[in-house]
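S.K.: Starting off with a structure, shown below.
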Amino acid sequence: MEKRKEKERKKQEREGGRERKIKSDLVQAVYNRIYEIDESNGSQLLFKMDHRLRLEMNGDGEELTAQETALYDRQIRVWGADAQRRLSKAHVLVYGIKGTIAEFCKNIVLAGVGSLTLIDDRPITEELLSSNFLIPPDENIYNGKTIAQLCCDSLKDFNPMVRVFVEKGDLSSFDVEFFGKFDVVVVSCCSRSAKKLANEKCRKASKRVAFYTVDCRDSCGEVFVDLQDYKYQKKKMEETIECHLKYPCFEDALSVPWRALHRRMSKLYFAMRVIEKFEEVEGRSAGDVSDADLSNVLKLKKELCTAQSLNESHVPDTLLERLVADTTEFPPVSAVIGGILGQEVIKAISGKGDPIKNFFYFDASDGKGIIEDISDSNIGN
Amino acid sequence: MASSIIKDAKVLMVGAGGIGCELLKTLALSGFSEIHIIDMDTIEVSNLNRQFLFRQSHVGQSKAKVARDAVLKFRPKINITSYHANVKDPDFNVDFFKQFNVVLNGLDNLDARRHVNRLCLAADVPLVESGTTGFLGQVTVHVKGRTECYECQPKPAPKTYPVCTITSTPSKFVHCIVWAKELLFSKLFGDKNQDNDLNVRSSDAASSSKNIEDIFEHSKDEDIGQYGKKIFDHVFGYNIELALSNEETWKNRNRPKPIYSKDVLSDELDKQNGDLDNDNACGDGFSVSAMSSLGMKNPQDIWSLKENSRVFLEALRLFFTKREKDIGNLSFDKDDQLAVEFVTAAANIRAASFGIPLHSLFEAKGIAGNIVHAVATTNAVIAGLIVIEAIKVLKNDIKSYRMTYCLEHPARNTLLMPVEPFEPNKSCYVCSESPVLLEINTNRSKLKDVVEKIIKAKLGMSLPLVMNASNLLYEAGDIEDDMVAIYNANLEKVLAELPSPVTGGTMLTVEDFQQELKCNINIKHREEFDEEKEPDGMVLSGWTQPVAAAENEDKSVSNGANTSDAPITEVEKSENDDDVGIISPVKKRKLPDDSDKSNTADDERHHKKLQVIDDEDDLVMLDGNLDGFKKRRVS
């Protein structure tokens with residue numbers, strides 16, 4: 001008996017050791033900078049490529065053009081030619097364009113998606129201009145045009161192989177059929193109820209529509225991901241394995257009781273919910289809060305924490321203060337969040353690599369970029 | 001957000017490539033208004049997928065200048081100064097660096113990174129360093145006296161291969177690529193005067209090396225088709241037969257199969273001649289292509305042995321008919337289509353002979369060109385993180401400095417992992433002025449060997465000066481003619497016979513005025529060196545050496561530089577590829593673990609502790625020892 005336990009323990013240690021070794025290799029690998037592809041790296045690359053070529057034979061057979069191969073050379077080396085082909089057939093919709101979405105749009109237009117549709121009917125304001133590199137600060141250019149139109153003009157220029165369109169209307173005015181035309185829908189700058197509604201419509205569409213929300217305030221950012229029932233491939237050691245993930249919709253994720261979440265849950269998750277709720281009850285549009293609202297926001301936080309039986313220390317006042325006082329986007333954070341979101345959308349379209357499930361948080365004040373899984377199936381884990 | 005600290009800051013950016021474009025944009029949006037940017041490169045098509053400030057119409061223009069103009073379009077009121085120049089130019093001296101509050105690197109090669117590190121140390125300007133590969137990236141902060149400098153940690157040396165693996169016993173496709181590129185391609189189209197292991201090894205059995213030499217020589221009146229066939233048969237047929245005759249080699253290996261052109265191409269050889277005049281479709285220079293003249297289109301296709309053979313002969317023919325003036329001074333260039341075609345075909349034919357799977361041109365080009373894959377998203381994330389660190393540096397918020405890693409497979413749930421910076425390494429010869437120890441045979445090694453193999457290659461000095469006490473032995477750079485003669489004479493002398501003799505116990509002082517770096521080298525005389533393990537005939541120690549990646553059996557060949565007498569330990573990579581920085585974590589590297597510290601052991605590194613920033617109740621300590629991070633929970 002003792003011996004078996006001892007054996008068990010040793011086995012665990014070994015496995016733990018291996019995990020640590022892998023992690024230490026990883027940290028070491030990241031730490032050191034290698035300037036040449038060496039032998040083992042080369043063979044990894046070859047493995048990837050062998051795999052890719054096999055996929056291609058089973059694929060739809062369409063080849064990339066010489067122009068595409070030349071332009072996308074460096075990224076095809078990252079994700080393979082079949083992923084590039086899938087990208088070129090994908091249709092992406094974004095709603096609500098501030099700095100972070102501008103970053104995201106740039107990233108996926110460069111990556112070479114099939115089309116990008118922009119919706120944002122707002123006229124230019126100082127704030128919208130300040131974080132958006134797609135709009136030249138010249139009244140002669142932007143007068144009379146909406147944000148979406150102006151961004152469209154710039155984005156078209158980034159990659160002539162991507163079609164960029166503008167649609168008009170409020171998010172709630174679009175029906176299921178409309179959302180069903182896209183493979184990816186990303187919404188920003190809108191209320192909690194508008195997000196929920198759009199998410200529901202995407203889920204009702206006849207094919208799978210990947211749904212994302214993104215919000216950046218002060219030096220913090222949040223991304224929500226709903227890939228519904230999602231199958232993908234990833235490489236584990238030398239093998240490619242099939243994975244399967246089930247995502248909750250926005251509403252279901254939010255209805256997971258706070259108490260049920262793990263102890264180290266990102267404080268930003270709670271803080272964002274408090275502010276979202278505040279904007280909802282006050283009938284404000286997204287981001288329409290200021291210092292003056294702080295005391296009411298803190299009051300609401302207390303109520304929510306009590307209702308959810310959550311210790312208030314999980315939602316620090318200082319954090320809420322930051323989020324309320326400065327709702328403008330901080331460009332470096334927009335770059336980070338827009339980059340992560342772009343990467344996630346590319347993963348979802350290509351069906352390759354572990355996607356985020358289902359929230360991502362970044363706070364420049366501590367520099368951590370954290371994935372949180374908030375879903376029913378995860379309760380108690 | 002644009003506080004006066006940001007607005008008033010003067011920033012130097014080095015590199016306007018993948019990270020550079022993103023960085024310049026994010027700096028401008030964040031309120032920086034005095035930015036200088038240096039980049040020696042011009043724009044290429046393969047940059048456009050991520051360097052979003054550039055368009056097709058900009059191909060061929062200066063990256064720094066076009067990036068500046070593009071950013072001024074959406075932030076017209078800020079000042080951006082661009083330099084289309086090499087950061088190693090003497091104009092960018094310590095005084096130049098001193099005018100900046102912070103320097104931000106978005107570089108693609110070790111050499112320039114080391115150079116900028118030294119200038120930042122000399123000028124006492126903080127440096128934020130970065131790199132990306134695929135989905136991986138990192139940002140580090142280097143502040144003199146506060147954190148480690150860029151060179152406190154060892155940098156892995158590029159992979160090299162033993163010559164015999166390349167010439168006789170390839171087992172991987174990359175070996176075939178290195179053979180095709182470094183040996184065959186150089187032999188046929190490169191500098192004829194350079195030593196080349198192709199003939200050395202292929203004539204191991206034969207005493208008539210003169211004969212072999214003749215085979216590669218193309219005489220004016222020789223039919224090019226016949227010549228190509230002759231080369232083909234020699235390198236893929238005769239040489240393999242010769243190698244097979246050495247039974248010892250194949251005891252535990254699969255025997256290769258000789259390949260002759262007549263067997264592969266049979267009747268087609270005659271047709272090849274028929275194509276001779278059909279060259280109008282091909283242009284000049286880099287646009288000449290065997291693929292297009294043979295009507296092949298898709299670079300992703302894997303060619304059959306027959307197709308490879310046709311490409312081989314056609315590429316050879318095109319070099320001799322269309323690129324004749326280049327022959328004799330070509331070296332492999334990944335942007336030279338015909339060179340890539342030739343190397344792909346040659347590597348594939350060799351691979352076929354050795355039973356190694358064949359590869360497409362696209363793949364072969366990636367391996368031969370050491371192409372580092374790159375995507376826009378990682379660069380954007382990394383640029384954001386650089387700006388966050390730069391702002392902390394400007395605020396002098398030392399406690400908050402972080403090195404951040406962008407991971408592909410999150411460790412636990414962390415995708416962006418901040419880590420506290422290391423302290424300076426006390427044994428670092430760059431930032432701690434710690435002396436190094438050189439073991440050398442002072443009666444045999446020349447001053448030249450020390451200057452080339454140690455001072456330039458290992459210590460990374462570009463214009464060194466060497467002194468023995470107060471006697472000047474050597475100085476590089478702009479000096480008077482009479483001194484040049486003296487120094488050149490010194491270079492050829494063995495150490496012990498120099499005007500002021502260098503023997504065991506001598507301390508040499510080397511200095512690079514541009515880098516303002518001074519380093520003392522203690523000399524220790526040693527009679528014998530292991531030819532295999534110490535091919536330089538000298539050993540440098542006293543600081544953490546690069547992890548030797550070479551399988552040093554005898555001489556070695558690297559994938560990326562000319563073959564010469566010495567194994568290449570540090571390959572300068574200053575081509576246009578950007579964003580080189582780190583490696584894929586899935587890649588297995590030979591890391592010395594605890595039981596084997598022989599190579600890189602440097603126990604002094606134990607003093608460092610690296611703390612992963614994590615929640616209060618779950619601290620994770622990482623040991624900073626580079627023998628591998630050991631995770632330890634602290635309760």
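Cβ coordinates are placed from backbone N, Cα and C, and glycine is handled just like the others.
Given the structure is predicted, the values throughout are model-derived calculations rather than measurements.
Pulled from TrEMBL, these are the listed features:
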ACT_SITE  B:Cys164  active site, glycyl thioester intermediate
BINDING   B:15-20, B:Asp39, B:47-50, B:Lys63, B:108-113  ATP binding site
BINDING   B:Cys149, B:Cys152, B:Cys428, B:Cys431  Zn(2+) binding site
COMPBIAS  B:557-566  compositional bias 'Polar residues'
COMPBIAS  B:591-605  compositional bias 'Basic and acidic residues'
DOMAIN    B:6-428  domain 'THIF-type NAD/FAD binding fold'
DOMAIN    B:323-365  domain 'Ubiquitin-activating enzyme SCCH'
DOMAIN    B:438-529  domain 'Ubiquitin/SUMO-activating enzyme ubiquitin-like'
REGION    B:550-610  region 'Disordered'
S.K.: Using C-alpha atoms only, work out the spacing between B:Cys152 (Zn(2+) binding site) and B:Asn49 (ATP binding site) and round it to an integer in Å.
M.R.: 34
S.K.: Using C-alpha atoms only, work out the spacing between B:Asp39 (ATP binding site) and B:Cys164 (active site, glycyl thioester intermediate) and round it to an integer in Å.
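M.R.: So the alpha carbons of B:Asp39 (ATP binding site) and B:Cys164 (active site, glycyl thioester intermediate) sit roughly 39 Å from each other.
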S.K.: For the domain 'Ubiquitin/SUMO-activating enzyme ubiquitin-like' (B:438-529), what are the DSSP-based totals of helix, strand and coil residues?
M.R.: 24 helix, 30 strand, 38 coil
S.K.: Please state whether DSSP places B:Asp111 (ATP binding site) in a helix, a strand or coil.
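M.R.: DSSP call for B:Asp111 (ATP binding site): helix.
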S.K.: Out of the recorded positions B:Gly15, B:Asp39, B:Cys149, B:Cys164, B:Cys428, B:Cys431, which are near chain A, with a C-beta less than 8 A away from one of its C-betas?
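M.R.: Out of B:Gly15, B:Asp39, B:Cys149, B:Cys164, B:Cys428, B:Cys431, none lie under 8 Å of chain A.
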S.K.: Taking helix as H, G and I and strand as E and B in DSSP, count the residues of the domain 'Ubiquitin-activating enzyme SCCH' (B:323-365) in helix, strand and coil.
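M.R.: When I sort the residues of the domain 'Ubiquitin-activating enzyme SCCH' (B:323-365) into the three classes, I find 25 helix, 0 strand, 18 coil.
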S.K.: With every protein chain in view, what's the tally of Cβ atoms within 10 Å of the Cβ of B:Cys149 (Zn(2+) binding site), excluding that atom itself?
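M.R.: Excluding its own Cβ, the number within 10 Å is 24.
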S.K.: Considering every residue in the domain 'THIF-type NAD/FAD binding fold' (B:6-428), what is the mean pLDDT value?
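M.R.: So the average pLDDT across the domain 'THIF-type NAD/FAD binding fold' (B:6-428) works out to 86.
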S.K.: Based on Cα distances to B:Cys428 (Zn(2+) binding site), point out the closest of the recorded positions B:Gly18, B:Asn49, B:Asp111, B:Cys164.
M.R.: B:Asp111
S.K.: For the domain 'Ubiquitin-activating enzyme SCCH' (B:323-365), find every same-chain residue at least 6 residues outside the stretch whose CB is under 8 Å from a CB in it, and list them.
M.R.: 44, 170-173, 175-177, 179-182, 184-186, 188-192, 232, 235-236, 240, 254, 256-259, 285-291, 299-303, 305, 308-309, 311-312, 315-316, 371, 562, 575-576
S.K.: Within 8 Å of the Cβ centroid of the Zn(2+) site residues B:Cys149, B:Cys152, B:Cys428, B:Cys431, which other residues of the same chain have their Cβ?
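M.R.: For the Zn(2+) site the neighbour list reads B:Leu121, B:Glu148, B:Tyr150, B:Glu151, B:Pro424, B:Asn425, B:Val430, B:Ser432.
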S.K.: Identify, in sequence order, the residues in the chain of B:Cys431 (Zn(2+) binding site) that are 6 or more apart from it along the sequence and have a CB within less than 8 Å of its CB; answer 'none' if there are none.
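M.R.: Within the chain, B:Cys431 (Zn(2+) binding site) has Cβ neighbours under 8 Å at B:Leu121, B:Lys144, B:Glu148, B:Cys149, B:Glu151, B:Cys152, B:Pro424, B:Asn425.
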S.K.: Give me the count of other Cβ atoms within 10 A of the Cβ belonging to B:Asp39 (ATP binding site).
M.R.: 27
S.K.: Among B:Cys152, B:Cys164, B:Cys428, the recorded positions in question, whose Cβ has the most other Cβ atoms within 10 Å in this structure?
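M.R.: Of the recorded positions B:Cys152, B:Cys164, B:Cys428, the most buried by Cβ count within 10 Å is B:Cys152.
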S.K.: If you count other Cβ atoms within 10 Å of each one's Cβ, which of the binding-site residues B:Asp108, B:Asp111 has the most?
M.R.: B:Asp108
S.K.: Around B:Gly18 (ATP binding site), how many other CB atoms lie within 10 A of its CB?
M.R.: 30
S.K.: What's the most sparsely packed of the binding-site residues B:Gly15, B:Asn49, counting other C-beta atoms within 10 A?
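M.R.: Fewest other Cβ atoms within 10 Å, among the binding-site residues B:Gly15, B:Asn49, is found for B:Asn49.
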